[in-house]
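Novice: Take this structure, written in C-alpha cells, and hold onto it; I'll ask about it next.
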Amino acid sequence: MRMGIISEERDWVTDELKSKMEKNDIDPVIIQPSKIISYIESEVKFEQNNRSILDLKCAFVRNIGEGVEMFHRFDMLKYLENYVPIINPMDGIENAGNKFRTSFLMEVHKIPHPKTIVAEDVNKALIAADKFEDVVLKPLFGNQGKGLVRVKGRSTVAKLKALNTFKSTHGVIYMQEFVNNPNNVYRDIRAFVVGDKVISAMYRTSDNWITNIHQNGVPEKCEITEELSKIVLAAKDAVGLVYAGVDILESSDGLKVIEVNACPSWEGLSRISEVDIAQNLIDEALNYAKEY
C-alpha cells in the first residue's frame, strides 16, 4: 500500500508521518507539488518522476508552497481529489487558510469567537477599531503568529498610521477584538482533533501576548474538558476537516475559537503529550479512504 505526503518542503511533520507509515508497513511517498505533472486528455494522469500517483491509498497535504504557483497547486490537488482521497479535503483547507472564511463559518454555526471586522478602506477600519478597547490586526492568510499587530491605547493618528502600514503590506485589514484571559496571563489553547475525538490539548503560555510555539510560547498540559471538546469538534466540522489544530482563547464568558489549522504541526504537543498523534492520523486516514 502506498500513502502520499504532499509537501513542497520536508519538515518535522513529514518525517513523523513517513516514519509512522513505515512502522505500519505502508510505503510512504513524499510528493513535491512542484514536481507533479498533470495530463489532461482522454486519460487523465497525475505523475511525479514518471510514475502515476493515482494508485495512492490516500494522501496527506502538508505544505504546497507559496507564490503564484500555490494557486495552480491548489487547483491541481482539488482535481486529484476526484481520484485519490486527500486529507485534509481541499475545500476545508481553503476555508481554514482564510481567516475571513473561518470567522464567517464560526458565526454561521454559532460557535463562540472574538468579534471581528474586515475592511479594505482604512478610514472605515479606523472607525471600526474605535468599537474595541483593544484590537489585533491579522493577515488574512498566515500562520505561526506572524504579522500580528496589536493596537491598544494609541492616539487616532497612531492608529491610522498602524492601519495604513498594515494595509500596504497585507491589502485587507482583518481586525479581531483582543480577548483578555481571566487568569491575567498570556496563554491560549491548542487542541488537536482527529475524526470525532479531541485527542490532545496544550496551553501555550508566554510573557508576550503572541503565544505561538514558533514565537517562543511554552507548551503545558491542558485538560480536555467537555466544553473544550464540544467547541473544538464544532469548529472542525464547520470548516470541513478530517483533523485539525484548533486555537482557543479563554475569556470571562467562556471559550472562543480564534483559528482552525488544516495542516497543523504537533511538534509542540509531542513535548507534553503521550498520545501517538501520527498513529491516530494514519488510522483515521485509512478509515477515511475506506469510506471515500
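Yeah, the Cβs are placed from backbone N, Cα and C, and that goes for glycine too.
Relevant sequence annotations retrieved from Swiss-Prot are reproduced here:
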type	residues	note
BINDING	LYS138, 176-188, ARG204	ATP binding site
BINDING	ASP247, GLU259	Mn(2+) 1 binding site
BINDING	GLU259, ASN261	Mg(2+) 2 binding site
DOMAIN	103-286	domain 'ATP-grasp'
Novice: Return the single residue from the binding-site residues list (GLU177, ASP247, GLU259) that has the minimum number of other CB atoms within 10 Å.
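Specialist: Selected from the binding-site residues GLU177, ASP247, GLU259 on minimum Cβ neighbours within 10 Å: GLU177.
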Novice: Counting other CB atoms within 10 A of each CB, which of the binding-site residues LYS138, ARG187, ARG204 comes out lowest?
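Specialist: Counting other Cβ atoms within 10 Å of each of the binding-site residues LYS138, ARG187, ARG204 gives the minimum at ARG187.
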Novice: In this structure, which of the binding-site residues VAL179, VAL185 has the fewest other Cβ atoms within 10 Å of its Cβ?
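Specialist: Result for the binding-site residues VAL179, VAL185: minimum number of other Cβ atoms within 10 Å at VAL185.
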Novice: Pick out which of the binding-site residues ASN181, ASN183 has the most other Cβ atoms within 10 Å of its own Cβ.
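Specialist: Counting every other Cβ within 10 Å of each candidate, the maximum falls on ASN181.
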Novice: Just to be sure I understand the packing, how many Cβ atoms besides its own are within 10 Å of the Cβ of ASN261 (Mg(2+) 2 binding site)?
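Specialist: Summing over all protein chains shown, ASN261 (Mg(2+) 2 binding site) has 22 other Cβ atoms within 10 Å.
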Novice: Using ASN261 (Mg(2+) 2 binding site) as the reference point, find which of the binding-site residues LYS138, GLU177, ASN181, VAL185, ARG187 has the shortest Cα-to-Cα distance to it.
Specialist: LYS138
Novice: Please identify, among the binding-site residues LYS138, GLU177, ASN181, the one with the smallest Cα-Cα distance to GLU259 (Mn(2+) 1 binding site).
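Specialist: Nearest candidate: LYS138.
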Novice: In whole Å, how far is ASP247 (Mn(2+) 1 binding site) from ASN183 (ATP binding site) when you measure between their Cα atoms?
Specialist: 18
